[in-house]
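**Student:** Structure below; questions to follow.
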Amino acid sequence: MRQKRRYRNFSNLLFIAIVTLPVASGLVYALLYSLGFIGLLNKGFTTDAWETILLGKPFWSSLGFSFYIAMVTIIISLTVSLSIAISWRKNLNKGALSSLIYLPLCFPGTVMAFFSYQTLSKSGLLSRIGFQLGWIDDLRMFPSWINDAYGIGIIITSVLLITPFFIILFSNLYTSEKVEEYVQLAKTFGASKRQVLLKVTLPILLKKASVTIYLFIIFVMGSYEVPLLLGRQDPQMISVAILQKIQKYNLYDIPKGYAMSVLYVVLVIGVLFILYRKNKTFFKTEMKHS
Amino acid sequence: MKPILNIQDVSKSFGKEQILSHIDLTLEQNTVLSLVGSSGSGKTTLLKIIAGLETQDSGTIYLHGEEVSNMKPQHRNSIYLYQEALLFPHLNVFENIAFGLRLRKTPEALLKQKVTEMVSFLGMETHATKMSHQLSGGQRQRVSFGRAMIIEPSLLLLDEPFGALDSVTREKMQVLFKDLAKQMQISAVFVTHDLKEAIVMGDSIGKITKGELTQFSDLKSFYNDKDSGIKKEVEFWKQFN
């Protein structure tokens with residue numbers, strides 16, 4: 001019993017040392033830098049950086065743009081992955097497809113972004129194929145999907161990156177949550193195919209995957225390489241905007257970059273806290289049966 | 001009386017393995033047939049064929065005198081209940097019981113009245129807003145029955161519904177099911193491993209051995225059958241007398 005407690009204390013300490021401490025230190029450093037306590041050109045306490053960020057447009061437009069990209073990406077990705085996981089269920093469990101589905105997971109974000117650039121840009125593969133087939137008279141007529149205002153290139157690349165994760169997730173959940181048995185039960189209750197999908201399959205899978213979905217929204221919102229390569233200067237996604245402020249030659253912009261990063265983290269933690277307050281089991285992966 | 005269920009010459013194989021062989025079975029209206037047999041004898045397959053969840057290789061099935069051999073499960077009005085309660089994890093107790101009524105687009109006021117009555121009958125008033133994981137095994141099974149009974153199915157197909165329950169809860173559930181079946185005039189096929197449960201629950205008994213069904217006209221003839229295993233069980237308990 002004592003040994004068990006000692007082991008639990010050690011695990012807690014290890015978690016704090018490896019996970020909590022570095023993140024908390026980074027946040028404290030960023031907060032102190034943004035308030036002028038530390039930094040190359042600090043002149044003591046000032047709220048200038050925070051006032052500029054909170055009252056200016058760039059932070060909020062970057063946040064809004066990041067949220068828009070994340071939501072569109074997740075909605076498309078969920079639609080595609082659920083369709084594939086449900087309709088190709090048997091093929092995903094055996095044969096070549098069960099191995100091939102893991103292949104896109106080997107591509108780093110940067111590689112996938114370059115691949116998208118080569119395929120979707122005005123001088124890219126699709127544009128050239130369209131030109132050769134006579135669908136467009138000039139390569140410049142090809143629609144702007146790279147470095148465009150709507151982030152189409154970023155969305156397509158993010159969808160390509162995260163959809164395999166969701167396919168594997170939903171495919172595994174379908175089996176572990178015994179969805180097939182619920183489906184059969186619902187059928188004997190008289191549920192049509194549409195009713196089975198809308199009232200049984202989708203709610204069970206989406207509810208079970210809800211935490212992962214929320215985390216992926218945050219993951220896409222905070223992605224860096226893909227929007228850096230495929231996005232444009234305005235609007236920028238939040239990570240790109242923060243990094244540009246921190247790494248630019250203008251040293252007076254660094255506190256603003258840190259203020260943006262602290263504010264972004266606070267907002268994300270705030271949203272997670274609200275979700276947790278609404279549902280106390282939000283972060284629990286297992287439910288205890290009474 | 002016209003039988004509610006009539007199965008004629010049904011056979012089923014999976015690959016080279018014959019699961020059911022020339023099954024004939026009849027079930028009278030408002031009666032319960034207990035179906036016993038060892039694991040892998042074909043009980044579950046037979047139930048799934050009746051429900052329309054599996055397709056027989058040959059033979060015909062009549063429900064209320066109408067042939068349903070190739071009818072989709074959605075249209076058979078026969079509910080198949082698993083050993084597990086399988087309450088929908090995204091719905092609370094009230095909504096689980098209301099599930100079948102909502103599929104049938106029952107008017108909201110009538111739905112509320114019927115579900116409230118059922119919740120009360122099941123003794124689950126204080127649990128109506130709870131989710132499945134907040135209930136005990138017996139409570140989940142009660143809700144599962146209520147969910148099935150409320151849509152007044154023609155036939156209830158129960159696949160070892162009390163198999164996962166402790167003996168006390170199991171007995172309570174047997175009483176509850178008998179009450180519900182009597183009150184709602186339910187016809188059912190009840191699969192069980194437990195000979196005592198088969199006798200308690202069934203008005204008649206069928207036994208599947210290696211895919212072949214023997215249907216006993218009454219409980220007495222099942223008791224007298226030398227292969228039923230009942231006499232062995234009675235002898236076992238007698239030694240403690």
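Note: Cβ is positioned from N, Cα and C throughout, glycine not excepted.
Keep in mind the model is a prediction, meaning the values are calculated, not measured.
Feature table excerpt (TrEMBL):
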DOMAIN    A:63-275  domain 'ABC transmembrane type-1'
TRANSMEM  A:12-32  transmembrane segment
TRANSMEM  A:65-88  transmembrane segment
TRANSMEM  A:100-117  transmembrane segment
TRANSMEM  A:149-175  transmembrane segment
TRANSMEM  A:196-221  transmembrane segment
TRANSMEM  A:258-276  transmembrane segment
**Student:** Find the member of A:12-32, A:65-88, A:149-175, A:196-221 that has more C-beta pairs under 8 Å to the transmembrane segment (A:100-117) than any other listed stretch.
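**Tutor:** Of the candidates A:12-32, A:65-88, A:149-175, A:196-221, A:149-175 scores highest.
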**Student:** Contact between the transmembrane segment (A:12-32) and the transmembrane segment (A:65-88) is defined here as three or more C-beta pairs under 8 Å separated by at least 6 residues; is that satisfied?
**Tutor:** no
**Student:** Mind checking which residues of the chain, 6+ beyond the ends of the transmembrane segment (A:258-276), have their Cβ under 8 Å from one of its Cβ atoms?
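**Tutor:** Tertiary neighbours of the transmembrane segment (A:258-276) are 27, 29-31, 33-34, 49-50, 52-54, 59, 62-63, 214, 218, 221-222, 238, 241-242, 245-246, 282-283.
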**Student:** I need to check the long-range neighbours of the transmembrane segment (A:196-221): which residues 6 or more away from its ends have a CB within less than 8 Å of a CB in the stretch?
**Tutor:** 66-67, 69-71, 73-74, 77-78, 82, 85-86, 158, 162, 165-166, 169-170, 173-174, 177, 179, 182-183, 186-187, 237-238, 268, 272, 275, 282-283, 285
**Student:** Checking distant contacts: for the transmembrane segment (A:12-32), what same-chain residues at least six beyond its ends satisfy Cβ-Cβ under 8 A?
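**Tutor:** Distant Cβ neighbours of the transmembrane segment (A:12-32) are 38, 258-259, 261-262, 265.
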